[in-house]
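S.K.: First, the structure itself, so that you have it in front of you.
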Amino acid sequence: MQERHTEQDYRALLIADTPIIDVRAPIEFEQGAMPAAINLPLMNNDERAAVGTCYKQQGSDAALALGHKLVAGEIRQQRMDAWRAACLQNPQGILCCARGGQRSHIVQSWLHAAGIDYPLVEGGYKALRQTTIQATIELAQKPIVLIGGCTGCGKTLLVQQQPNGVDLEGLARHRGSAFGRTLQPQLSQASFENLLAAEMLKTDARQNLRLWVLEDESRMIGSNHLPECLRERMTQAAIAVVEDPFEIRLERLNEEYFLRMHHDFTHAYGDEQGWQEYCEYLHHGLSAIKRRLGLQRYNELAARLDAALTTQLATGSTDGHLAWLVPLLKEYYDPMYRYQLEKKAEKVVFRGEWAEVAEWVKAR
């Protein structure tokens, strides 16, 4: 049976999006996993905890015996059925546990006895994790161009359209502002870093690229933070600033934060609950910057938001949101971004409207 155990093997797995049958307990998987992994554990959280306690108190032989006792009979058969189905569905996949130790070898041997030969990652998740950390450190050394600009300038779309672009906000499942949450929950920090490394590896393998195109992000994107090695390189990078007319920015923001988010919430939750979730999303975003707005201004904008939602529910029109969005941009977001940009003015190498910046980046 094959085993994968070299650095290049691990990178090849990530680049190919090789399906990984991860047999660690759910709690381990939630703390960090590879992008193409599915969790089909040998032991659930309670079983793992019991075996761990037994190991500390009585040693490895007793712990192994307890594990076999806990995963036996109908429980073992149910898990075997799940592994067998996953192997047949993913014939090019691979098994993985924490360190390539007993759990993946036990599952591999049980599958072999059932007539299925399936490879495993020698070194397990720990080896893959070290690979993603090292890959990010290495790939972050390539030159970087950052796309900057005020809220609504289409920075993310511009990055997405570049063959050497990596959408950090998309990977983080967050758009980086108080209103940045999406309907997808954010990944754990380790899983986010693994996903980022895999995306960088795949992009580099496709392009053999000379430089990265990234959005000008702060250290935090929602609850995820950028790896320090990448963040440090970004602080030294050249910046191209998108300067689109205010009206165009409003159109983009209307599409992204009102029309699309309303659609996404109602699609996910149904009309009634979806509407409530959408309203809560907008109120939560405004509330998150209450202290910076000041209580009086926050209350004024919150009242305008309520009025806009009432109009939208009655007529379907999102035009009413301009009454609070315009002052929010002019009084808060735009001054904040300009202040941040002033502190790194020497890094700005190009300014222009969206299409001009896209053309400039393409020529790099």
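Note that Cβ sites are derived from N, Cα and C of the backbone, with glycine treated the same way.
What Swiss-Prot records for 14-137 is domain 'Rhodanese'. The active site, S-selanylcysteine intermediate feature in Swiss-Prot is assigned to Cys97; the stated evidence is sequence analysis.
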S.K.: Check the domain 'Rhodanese' (14-137) for me and report the mean pLDDT.
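M.R.: Its mean pLDDT is 96.
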S.K.: Mind giving me a neighbour count for the residue listed as 'active site, S-selanylcysteine intermediate'? Other Cβ atoms within 10 Å of its Cβ, every protein chain shown.
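M.R.: That number is 26.
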S.K.: Look up the residue listed as 'active site, S-selanylcysteine intermediate' in the DSSP assignment and report helix, strand or coil.
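M.R.: SS state of the residue listed as 'active site, S-selanylcysteine intermediate' = coil.
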